[in-house]
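*Asks:* Below is one structure. I have some questions about it.
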Amino acid sequence: MDNSPPPPSALNNFRILYLVTQLVGITIIILVSCWIGIHLDGLAWSSKPSVQFNWHPLLMSVGMIFLYGNSILVYRGFRYARKKPLKLTHATVHGAAFVFTVVALVAVFDSHNLAQPRPIPNMYTLHSWVGLGAVLLFSLQYVFGFAAYLFPGVREQLRASYMPVHVFFGVAGFVLAIAAALLGLLEKAIFSVPNYSALPPQAILINTLGLLYIVYGGLVVFLVTERQYKRHPLPEDVMLLTHSASVGST
């Protein structure tokens with residue numbers, strides 16, 4: 001295996017693409033906020049169930065899209081930081097994404113169950129099924145990742161053997177979240193936008209958001225799978241790993 005560090009040109013390309021990825025993610029959050037504020041009557045909680053729903057696309061965009069993508073990129077985006085702080089940062093960002101996701105789910109279920117004159121059925125659309133799959137995979141990743149990499153006493157060989165599985169399902173869950181977001185946008189557009197086929201301003205905004213979700217997802221997946229952009233261990237990481245192995249063998 002080639003453990004040589006990437007050439008400077010590759011790191012320069014990474015920095016540019018990483019910055020573009022962040023700008024696209026921030027743009028998504030801004031546009032979702034504009035969509036809610038301009039076209040969907042803003043934000044409220046259970047006193048206005050139809051408006052309470054609006055927390056769902058906003059918090060899911062922050063949690064399952066922007067923060068999830070950034071938790072995946074932590075090791076490559078901060079490649080010169082030590083391994084242990086990166087582990088804690090990865091877990092913290094992942095945990096924040098989980099909190100946003102839980103509140104988003106409460107909002108959407110409340111908005112359905114409290115709707116007048118009758119409740120709206122839950123979990124019957126493809127968006128809800130794909131979204132639930134993404135959330136479950138995301139949650140399992142968090143639990144197993146915490147147990148493998150932050151729980152003391154786990155053997156380094158076990159951590160190393162689990163790493164490809166952790167990476168694969170982390171990326172798979174993120175791709176599933178992007179797919180759920182696209183399905184959710186389409187569902188909202190079809191149900192809520194009058195004369196969608198004529199492309200009124202709200203429809204253009206929704207379609208633009210969908211394209212940005214795809215761009216953001218594609219950039220995150222590319223940055224985390226391109227071998228040239230892989231973080232290589234620092235000398236301190238190697239010393240820590242060697243010390244851990246020696247302690248575990250005594």
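Glycine too: its Cβ is placed from the backbone N, Cα and C atoms.
Quick paste of what TrEMBL says about this protein:
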- 20-225: domain 'Cytochrome b561' (DOMAIN)
- 16-38: transmembrane segment (TRANSMEM)
- 58-78: transmembrane segment (TRANSMEM)
- 90-109: transmembrane segment (TRANSMEM)
- 129-151: transmembrane segment (TRANSMEM)
- 163-183: transmembrane segment (TRANSMEM)
- 203-224: transmembrane segment (TRANSMEM)
*Asks:* What residues in the same chain, six or more past the boundaries of the transmembrane segment (58-78), come closer than 8 Å to it by Cβ-Cβ distance?
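*Replies:* Here the qualifying positions are 14, 18, 21-22, 25-26, 28-29, 32-33, 36, 43, 86, 89-90, 93-94, 96-101, 103-104, 107, 131, 134-135, 138, 170-171, 173-174, 177-178, 180-181, 184, 213, 216-217, 220, 223-224, 229-231.
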*Asks:* Below 8 angstroms Cβ to Cβ, which residues of this chain, lying six or more residues outside the transmembrane segment (129-151), approach it?
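*Replies:* Contacts of the transmembrane segment (129-151) (Cβ under 8 Å, skipping residues fewer than 6 from its ends): 60, 64, 68, 87-88, 91, 94-95, 97-98, 101, 105, 123, 158-159, 162, 166, 169-170, 172-173, 176-177, 179-180, 183-184.
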*Asks:* When you scan the chain for residues with a C-beta under 8 Å from the transmembrane segment (203-224), skipping those not six or more beyond its ends, what do you find?
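*Replies:* That would be 14, 17-18, 20-21, 24-25, 27-28, 31-32, 34-35, 39, 65-66, 69, 72-73, 76, 167, 171, 174-175, 178, 181-182, 185-186, 188-189, 193, 196.
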*Asks:* Take every residue in the domain 'Cytochrome b561' (20-225), average their pLDDT values, and give the whole-number result.
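*Replies:* It averages 93.
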